[in-house]
């Protein structure tokens, strides 16, 4: 992280970039929040997908790119914002073509989000805006945070029995809202699968299911499995949209707020 | 031996069924598991036993019986030991029917839309195979026709899943081509059971006619076998069983090849003895494969077809070699 920041510092020394292109869903969000009018030329096509984009309305105001070096280069950007999971080939090719590419690391801690805001702010020459957003984020998170002595045990359950363990943003979101994460109890360090049998045996107080996407898939059938339905009938349950959980950006506050509502509802019988 | 075979096979299936109920990643003790299954006293254990493990074990029996019986029946009718639902594209076409129903939303239109669509896919494949290879076609024609039907069905299944708006659909191509029983529910048992039972009934009633057919079509006709009727019932019986099995478990290959091959020397060449034995043997084989995937990679969804192919493909090659040696 420190090394990455140092790398950006070098890039920022010059005048602020005027033609910025973002090719990653998460950098899209940060760029749209912070960029000066006219500074951001294009966002990734994923930001136009209502299933995963939290800032859909804003994103619809920007032309999309598909993250391919050729189309990005044609926009003649002086800065490209990419994510850690952006194809290394694309990043390498753009750099060889002389385009400045900043690769933003994936954030697995809520504390890392203000840092990300400041980093993108520095890259765009919008330090003041970034500082304001970072302060707002920290204040809102502190206001939402639940510490209650009774921490209900929650299970995150996504397609293919995927769940998130201790070192993940989803775990931090759960904990901030005052829940304990059963995947961490089961010993999962990061993201991974937890067999449905094991999840049922852990008897969570709350099941938080991933959203269902259009079309059909066997992977998502586990979300409606009778055993999971039985767990949901027993206690509170929520189906949460994935969009707010994906990116280490202030969008996660939406997820925290929704979970806090579930927590408060569970507390008042 | 023949008289003892069915009870022995049934005992084997009963033992494997119990093992299937007792083995799983939750690591419950056998006593707790059975108590929860029967009495339903503790919520978590009961959910695991009744909603997760029981449907899985029941489906392994149903799917295995369907594939074993369908294989033996096709081999009896075509008088060719290589005729297996997976190899000749019947399972693949059933998977295509199921995938089309799921992705177009037709599967949700009414209760049995999914297995019926898979059945329709299987009917098309069986008819194509009979048309291309027929009772008089040799092994080579049968296998070539099977390759063509399988390849087309597989390609179309991939196409449909790649076109799906669902982000998970394309990664499920391997499920439809290899089969799995992970996290199935009682709903799937209820969808498949009626069609598999009906298909079994139809095929078992044709056992005598298939016996007569071993003497040749003319001899069978002179013995009072109505050949057109036999063909129709065979197509419907095989399609019904393979279609329903594939709709809930994906295409699991080689079961219908391995099981009749192993049992044929024990029961003699008579289809009437081979059909019921193959049904029970198929159930045993799929139960074994499904237990093995849980023991080998308990946290991952290893596909059943991988294991059945590891056993079946070498046997298939051996059979081809033998067929070639006989100059067919």
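Heads up, the Cβ atoms here are built off N, Cα and C, so glycines get one too.
It should be emphasised that the depicted structure is a prediction, and the values quoted were computed from it without experimental measurement.
Of the listed segments B:37-55, B:56-74, TrEMBL assigns transmembrane segment to B:56-74. Range B:304-321 is the one annotated as transmembrane segment, of B:214-231, B:304-321 (source: TrEMBL).
For the transmembrane segment (B:86-106), the residues of the chain that approach it from at least six positions outside its boundaries are 67, 70, 74, 113-115, 117-122, 124-126, 128-129, 142-143, 145-154, 156-157, 160-161, 163-164, 169, 176-177, 238-239, 242-243, 245-247, 250-257, 305, 316, judged by C-beta separation under 8 angstroms. Here the transmembrane segment (B:140-165) sits against the transmembrane segment (B:112-133); at least 3 CB pairs are under 8 Å, leaving out pairs fewer than 6 apart in sequence.
With pairs at least 6 apart in sequence, the transmembrane segment (B:56-74) and the transmembrane segment (B:304-321) have fewer than 3 Cβ pairs within the 8 Å limit; the two do not touch. Same-chain neighbours of the transmembrane segment (B:112-133): 74, 78, 83, 85, 88-98, 100-102, 106, 141-142, 145-146, 148-149, 153, 191-192, 194-195, 231, 234-236, 238-240, 242-244, 246-248, counting only residues six or more beyond its ends whose CB sits under 8 Å from a CB of the stretch.
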